Amino acid sequence: MLDPKLLRDDPAKLIERLNTRGGDFTEVIEQLVALDSQRRASQTAFNRAQAEGNQIGKQVGERLRRGTAVGDPEVLALKQRGIDLKATLALLQDQERELAERFAALLPTLPNVPRPEVPIGKDENDNREMRFWGTPPIFDFEPAAHWDLGERLGLMNFARATLVAQARFVTLMGDGALLERALIAFMLDRHRAHGYIEILPPYLVNTASMTGTGQLPKFAEDSFRCRDDDLWLIPTAEVPVTNLYRDEILTDMQLPIHHCAFTPCFRREAGSYGRDTRGLIRLHQFHKVELVKFCRPEHSPTEHEKLVADAEDVLQQLELPYRVIELCTGDLGFGAARCFDLEVWLPSQNRYREISSCSNFEDFQARRANLRFKAPDKKGTEFVHTLNGSGLAVGRTFAAILENYQNRDGTVRVPEALKPYVRRDVLSR
């Protein structure tokens, strides 16, 4: 959620920055400015009426103490004015409450403001390539898609998952389940070695948690909801881990906080009809290891760089070719002020595909979740900055290993980093 001060100080500049995301936010911002102005005017009028009422009470008391009769015309006039002011106060209070509620409902619909260094662009075609790592493998045969490799080797079965649930689910079997479990353990071990504290959070969260991290109200259609209990299946571990500190004031000594968490993730993929209908790239249920950070505002750019490096480390250890891109304003996520995507090479598609998205939200989520800290050198409290990123999406890493490590005979070599977990060199039928 944006700082209301941005609306008051320079609404024209705010409109200009948000409009670089695509669309036109002019009308919404003008509505918010008007509501905020009306609410503050109502508050001022309330304060004045309240002060006048208090003064009238004192005047009546003074007259009565001096022996003025209760029925004196001046006393009666003052009392009537007091009665009128009470009615006015009630009216102004209701008016202010309504304006505040309308403002509070509209403000969360605005996305975060892109940082100044974010490249301006319309869509993914305008994203900026930052760097490449590794060399895509060259095969002397036509590389198979990961879903074909996986089913031939008995690692995965989509038909049985569809029988149990519906399309866009998978059942991992035998060495497929082993490889998935190995990847999860490997990723968590790497991040723990880098100082992250592991969390195993709830997989169901309440509406306040979904709102706190920005999934609601915008992404309600893409989420699975248990309506009878007002709970939501988590779309990412970012939601429960960030909300562990909701409505809390942290001490400066507690920061920075670095967490890693493995969870299943659940997404309806409402807007993805016809895209990635086969394989592990886009499922309703998938596994992910998430990295979540909380820090002081001045430290978030550096923490962002470290976050990206920690996600890259997993790909480098697995020796998977990838590239890093910076998202332009038009491709930036709703709550992100800046974002870097890691894209892994998939030989069957002859292109890089997203495997991690590392975002700096600055104070956007913290304002929604009321997550603050007390700095010893400043009065009052400040909102922390939050950051998160995949470290990594497990299913997509699984797919990348199958495709990049495949052999002509249909077997798949196990990356050196995973051999202590899988305890074999090759995956075969």
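Placement of Cβ uses the backbone N, Cα and C atoms for every residue, glycine included.
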Residue among E180, E290, E298, E326 sharing the L-serine site, where Swiss-Prot lists T236, A237, E238, S390 as binders: E290
Cβ neighbours within the same chain of A237 (L-serine binding site) - under 8 Å, at least six residues apart: I199, P201, A261, F262, T263, C265, K288, V289, E290, V292
8 Å Cβ shell about T236, A237, E238, E290, S390 centroid, L-serine site members excluded: V239, V241, A261, T263, C265, K288, V289, L291, V292, N388, G389
Densest Cβ neighbourhood among T236, S357, S390 (binding-site residues), 10 Å radius: S390
The one of R267, R268 whose CB sees the fewest other CB atoms within 10 Å, among these binding-site residues: R268
